[in-house]
Amino acid sequence: MHMNISEIYPSSNKIYINCTLYPDVKVGMRQINIRNSSQRFLLYDTAGPYTDCDIKVNLTEGISSIRRDWIARRNDTYPIRKAKTNSDARGVKALSGDDRVILKGIAGGAPVTQLFYAKKGIITPEMEYVAVRENALLEQAEAIPGLLLPTKTRKITPEFVREEVACGRAVIPSNINHPESEPMIIGRNFLVKINANIGNSAVLSNIEDEVKKMVLAVTYGADTVMDLSTGHDIHNIRELIVRNSPVPIGTVPIYQALNKVNGIVGDLSFEVFKETIIEQAEQGVDYFTIHAGVLKSYIEHTRSRTTGIVSRGGAIMAQWCLLHNKENFLYENFEEICEIMRSYDVTFSLGDGLRPGSINDANDVAQFLELRTLGELVKIARAHDCQVIVEGPGHVPMHLIEENVKKQLDFCDEAPFYTLGPLTTDIAPGYDHITSAIGAAMIGWYGTAMLCYVTPKEHLGLPNAEDVKAGVISYKIAAHAADLAKGNPASFARDYALSQARYDFRWEDQFNLSIDPATAKKLHDESLPGKGGKTAHFCSMCGPKFCSMKLSKALND
C-alpha cells in the first residue's frame, strides 16, 4: 500500500537527518516547500515509509526493520525461534517468512529496556533518534526571523533524553520484536503525543480494514496506535498491523485472554493472561494496558455511580474478582508480569479501569483510590527496570481537569500521563471528538504527555476510516494547542509560518502548512475555484472590498 503524499500533503517531500553518535541512524522528517521561494518548513512525521515517494509498501511483506541492527549490536538478546503464522491467516502468510526471528532478553541476564540502559548512563540509538526528531523543530524555530518565541529554547539533546527516561518522566516504547518502529518519546517535557485506537469487534471484523486504518492514522499524525480488537482473527490482525507500523503499537491483552476462554469471565486465569502477554510480546507489541489497579475493595465505590465501570478491562477484572471472591490476579502477580515485560522491553500502560464514564462520576473516590494504587505499581515496575506510563480519564468537566494532573503527578511520581480525552460534556453523541478535544487540549497544557483520541463514533459504534481521520485530526489540533500553551517554540513556528502565508494571500502555502491541506483547499475552492482563486487577495467571506487583511496591508503600504 502506498499513500499518495502529493494528494494528502501537496508540496511536501521526505528528508532524512543523520545522527551524530550513531551515523548510520537517519531520522525521517516531512518538509514543506514554500511556493516561489527557496524556503522549506520542517515537520515531525509519524508516517514512516508511507510519506516517502521512493518507497512502495506491500502490506503482505511488511515495512523495513530499521532497528534490527541497533538491537543486535547491544548483544543482550537471543533468538527463541522463527516466527510462525497461522495457516488460516488471510493475507498474512508472507509476513513472517524465514527472516523474522523472535527475540528475548538473555535468560538470567540484565533487562533489555530503554529505562535500564538510561539508568546505566547509556545513550542508545533510540534516544539519539528522538532527540534529533524533536530538536530539529526547535532549531528551525530559532532560525526564523521575526518569530517572537515565548520562552528560551531548551535544546533536546541525547543526554537530556537519557536523563528523562532514567528518572521515569519519559518513556520510549520499543519492543525488541518491533524493529520496524521509529523511536518516539512520551513525556511532558517533549511534544504532546496522540494515540489512535483501531481494532475489530465481534460485530464487525475485517483484517484489511484495520490495517488500512492504522496506515491512515499514522499518515495523519498518530504517534502510537492501539489495536483493541475483540472479534475474530485477533492474532493475525495484530501481526499484520505490527509488521507494517512505523509507530509503537499498544494492546489490552485481557481482551485476547477473554477471547481464549470463549468470553467467559469466570474462566479467566493468570496462566491464560501470562500466555497471552508472552504471545503479544513475541509479536512486537510495544505497550500493554494492564488493569492491575482495580482492587476488589474498590468495586463497592462504583455502585452509586451514574454509569458504573465503563472501562472494558476494568469491568472484566471487577467481575472476575466478585465471581471468585479473590483479589485481582493482575495485581497479585504484578512482579511476575514485570519479569516478562523487561525481557522484551514492553512498556506498562497502567489502565484506569475505574475511570469516570460520565460527568457526574468525575473525580470520585473510586477513581482516585485506583490512581493511588497505580502509583504503587509504578514504583514496582521501575524497580524491575520496566518503562511505565499511567492512564487517566475519561469524562471530566473543565473545572475538574487540572486536579487530575496534579494528583497523578503526586501519586505516580511524575510517570507520563496518558488520558482518554477527557470528554468535557456528555450531551453530544456524534461529536465526541470535539467534546473530548476540548478536554484533551486542557489536560495536555496541564502536563499530560499523550492524548488518546476519541472519534465521532464514541458511544455509538465501531469507527470507520473516516472516523479515524476525524479523531486523529481533532487530537493533532488539541496536542498542538497544548504545546502552544506550554510555550513550545516548534509549535509557534508553524503558526507563524501559516499566519504569514494567510496575511500575504499565499493560499497554496496556507493550505500546505495546515494539518489537513486537502480539506482546507476543498472548502476554499467550493466558492473560489480555479487558479484565480489562488491568487485573489480575498476569500468568499468578505470579498474584495471588505477583506480586513487586504485593507490592513494597504495601510502598511
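Any Cβ shown, glycine's included, is placed from N, Cα and C.
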Which of M29, M127, M226, M549 shares the substrate site with N197, Y255, H291, S311, R312, G313, D352, G353, L354, R355, E391, Y418 in Swiss-Prot? The record says M226
Taking just the CA atoms, what is the gap between Y418 (substrate binding site) and H459 (Zn(2+) binding site) in Å?
20
Quick check on the binding-site residues Y255, Y418: which one has the highest count of other Cβ atoms within 10 Å of its Cβ?
Y418
Nearest-integer angstrom distance between the alpha carbons (Cα) of Y255 (substrate binding site) and H459 (Zn(2+) binding site)
19
Once DSSP output is merged into helix, strand and coil, G313 (substrate binding site) belongs to helix
Ranked by the number of other Cβ atoms within 10 Å of their own Cβ, which of the binding-site residues G313, G353 ranks first?
G353
